[in-house]
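Visitor: Annotated substrate binding site per Swiss-Prot: Gln106, Asp199, Ser200, His201, Arg481, Arg486, Arg613, Ser676, Arg677, in sequence order, evidence recorded as similarity to another entry. Under the heading [4Fe-4S] cluster binding site, Swiss-Prot lists Cys392, Cys455, Cys458, citing similarity to another entry as support. Annotation source Swiss-Prot lists transit peptide at 1-32, citing sequence analysis.
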Amino acid sequence: MFCKISRAPARMGSRIFTQSTLRSFSCAPVAANIDAKKVAMSNFEKNKFINYQRIKDNLEIVKKRLNRPLTYSEKILYGHLDDPVNQDIERGVSYLKLRPDRVACQDATAQMAILQFMSAGMPEVAVPVTVHCDHLIEAYEGGPIDLERANVTNKEVYDFLQTACAKYNIGFWRPGSGIIHQIVLENYAFPGGLLIGTDSHTPNAGGLGMVAIGVGGADAVDVMANLPWELKCPKVIGVKLTGQLKGWTSPKDVILKVAGILTVKGGTGAIVEYFGPGVESLSCTGMGTICNMGAEIGATTSIFPFNPRMSEYLRATNRSAIADYAEEFAPIIAADENAHYDQIIEIDLNTLEPHLNGPFTPDLATPISKFKEAVKKNDWPQELKVGLIGSCTNSSYEDMSRAASICQQAIDKGIKTKSLFTITPGSEQVRATLTRDGQLDTMRKAGGIVLANACGPCIGQWKRTDVKKGEKNSIVTSYNRNFTGRNDANPATHAFVTSPDIVTAMVFSGDMNFNPLTDTLKDKDGNDFKFEPPTGAGLPSKGYDPGSNTYVAPSSVNVKDVAIDPHSKRLQRLTPFKKWDGKDMKGLKILIKAKGKCTTDHISAAGPWLKYRGHLQNISNNYMIGAINAENGEANKLKDQLTGEYKTVPNVAIDYRDHGIRWVTLGEQNFGEGSSREHAALEPRYLGGAAVITKSFARIHETNLKKQGLLPLTFADPAAYDKISPFDTVDIDGLTTFAPGKPLTLVVHPADGSAEWSTKLNHTFNKDQIEWFKAGSALNHMANMHKQK
């Protein structure tokens, strides 16, 4: 059988694999006091040490309390509990109070995180924090030119971030350094650690055995301010890998297959933990790829258990001391025999095919053997316009080496790309190493364009000129997301996510029907030839070339203030939101009843809007402009109930707010899936929103809404969504007795004058989160607590 799924709770021992792995380390007996060793967390933070002793001590307490076997991810999470003695621990129910080891922020989300941290009045961050400049570089002409233009265009933001980093003791990675997740893997991730990052693909570090979780900026501020971080205790989905990858099948195909099985919401509230003998055929960066795209199934995070490939990668990236220490510590966090998984999926790597997922959603999985048929059946555009490789998901040395091996075959046959072909190295280190070893030159000779070490087209930073907006076309990428209009702001672009290998092979045909496993191309002499499977080393044989030094350590110079021009269009100091007035909410308008898929890209678009991520007033002009209005089936066209005119969503919201009228947004399933951007929660709060009421939420967005003092609520009866008219007026009752587990009531006053009716609204607020709501936001609550002290 290709794959096996166990839907019911199941038990499966993973001890055989973990024990054989541990034997391969020939590790020494575990020291009685692990903390006797002082091993630096990174080469940039010599005075910040890995705290394995805390994990060991916490686990001794937790295991006695729970008296059951623990999975690898559970051991890491519970090893970071703030209070292991009194913490309630029940999967899917409890809220864990955790102490992460570090925080990572990308430049688009760091602006708001730092602005919030500044409001908290703290002198410096309490844990190691880094900021990475990767989101604001637009891809257009090529790496150096695009980078130079970005440095000019974004100077105000970069100067703000660098100055703030110096003031608050934060590490700063300049533009051109690379993508945050590749930088973290190369320099900061370590087995057994707990990382939070203000980007949804933070789980990439799970490829190095770290629990790494994407969060909103307000969550990051908690940790930066030395407060425990709260996470609903996740369930654990086990994915057992057997067999071995070979030929055209790559690590990317593992997660593409898993996405097809679990869908975009199947991992919600769970950690996906990989294990089994098949893990041994994966490189460390390949494991990172799989964990990275776990965000597309809604998973809290994904992780692989510590294994020899991780040790090899740590040593290759100049972290031998961490590798030695992790090997010594490995037995403590190895998954226990008969550890319990809430669901188990089995995948045989021997029979796994390359996949292409899409269009318009990353969980529409099609094996390559059936893709030609799917193109015809669904009338997808057959011509391949552009192939793009790179992104935080697939931009490692191994990824690029395999792609280059395909390009070399094409060069040897005298052919060049028929589709536009772009290459994005994941980091300056990867770029420099690929340049030294010749792979980038090979890809250029084949017709490729090398872009800057940044996110680029993956997040919509792409000045595309080969098609007009609205023109139906197909692209293939090695990225992670393919929501409508995400890459190029063209809703008619059909984007398919696959491996760098398949992307590279397909650009030489220019045809979506081309299958490199079975089909041939014509060489320069008109003879048929077929590509051989790609080859590439997991690690460079000559070691990594670090390239240019793009890291800026926290300044020893005292920075007294972080200046923000009050007339700036890109940066704006925050004004605290008003606290709750102590009453139930009456006479609320329905701003928009959103129909169908509504991701954070629909709620708060990226691309050209990224430049306003530090200016709440300006970026609020993109609220819900991509969402489909259930009333008329159109985007960004709403009826203003005060004037009767049709306007943009933000303009209607502003009109209601300025007239003192609060409003709600209605949505359907998995509302807010995708990016961790907290702007999707800040904007409705700024514009006068009171609640977002849906059939279900994506994890990060639900938390972000709570953090900003909004009410994320779900229909107890999903059919109520269909019954409500967008022109009705609603009340939210029960807030005066707001309590965990106690539903609220939505009272609907129909616009047609018919009798009012009511429906129950569920919520997941705990006691502390209710205090956020009452204070007006989590940041307000933090400030209040600080004043009391």
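For all residues, glycine too, the Cβ spot is worked out from N, Cα and C.
The model shown is predicted, which means the values in this text are computed figures rather than measured ones.
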Visitor: I'm trying to understand the geometry here, so how far is the Cα atom of Arg481 (substrate binding site) from the Cα atom of Cys455 ([4Fe-4S] cluster binding site), in Å to the nearest whole number?
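Guide: Their Cα atoms are separated by 12 Å.
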Visitor: Take the C-alpha atoms of Cys392 ([4Fe-4S] cluster binding site) and Arg677 (substrate binding site) and report the distance between them in angstrom, rounded.
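Guide: So the Cα of Arg677 (substrate binding site) lies 16 Å away from that of Cys392 ([4Fe-4S] cluster binding site).
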Visitor: For Cys455 ([4Fe-4S] cluster binding site), which of the three DSSP-derived states applies: helix, strand, or coil?
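Guide: Its secondary structure by DSSP: coil.
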Visitor: Hey, what's the widest CA-to-CA gap across Gln106, Asp199, Ser200, His201, Arg481, Arg486, Arg613, Ser676, Arg677, the substrate contacts in the record, in Å?
Guide: 20
Visitor: Quick check: with Cys392, Cys455, Cys458 left out, which same-chain residues have Cβ atoms within 8 Å of the centroid of the [4Fe-4S] cluster site Cβ atoms?
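Guide: Counting only non-site residues, the set is Asp134, His135, Ile179, His201, Gly390, Ser391, Thr393, Thr424, Ala454, Gly456, Ile459, Tyr479, Asn480.
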Visitor: How many other Cβ atoms sit within 10 Å of the Cβ of Arg481 (substrate binding site)?
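Guide: A 10 Å sphere around the Cβ of Arg481 (substrate binding site) contains 27 other Cβ atoms.
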Visitor: Please list, in sequence order, the residues in the chain of Arg613 (substrate binding site) that are at least six apart in sequence and whose C-beta is under 8 Å away from its C-beta.
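Guide: Set apart from Arg613 (substrate binding site) by at least 6 residues yet with Cβ under 8 Å, we have Ala108, Thr109, Gln111, Met112, Ile619, Arg677, His679.
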Visitor: Using a Cβ-Cβ cut-off under 8 angstroms and a sequence gap of six or more, which residues of the chain neighbour Cys455 ([4Fe-4S] cluster binding site)?
Guide: Gln106, Asp134, His135, Ile137, Ile179, Ser391, Cys392, Thr424, Gln461
Visitor: Once the chains shown are all counted, how many other Cβ atoms turn up within 10 Å of the Cβ of Cys392 ([4Fe-4S] cluster binding site)?
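Guide: That number is 31.
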Visitor: Which residues of the same chain, at least 6 positions away in sequence, have a Cβ lying under 8 Å from the Cβ of Cys458 ([4Fe-4S] cluster binding site)?
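Guide: The list for Cys458 ([4Fe-4S] cluster binding site) reads Leu388, Gly390, Ser391, Cys392, Thr424, Thr477, Tyr479, Asn480, Arg481, Asn487, given in order along the sequence.
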Visitor: Using a 10 Å cut-off, grab the number of neighbouring Cβ atoms around the Cβ of Ser200 (substrate binding site), all chains included.
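Guide: Step by step: centre on the Cβ of Ser200 (substrate binding site), count other Cβ atoms within 10 Å, giving 28.
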Visitor: How would DSSP class Cys392 ([4Fe-4S] cluster binding site) in three states?
Guide: coil
Visitor: Could you check what DSSP calls Arg677 (substrate binding site) once collapsed to helix, strand or coil?
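Guide: Where Arg677 (substrate binding site) sits, the three-state DSSP reduction gives coil.
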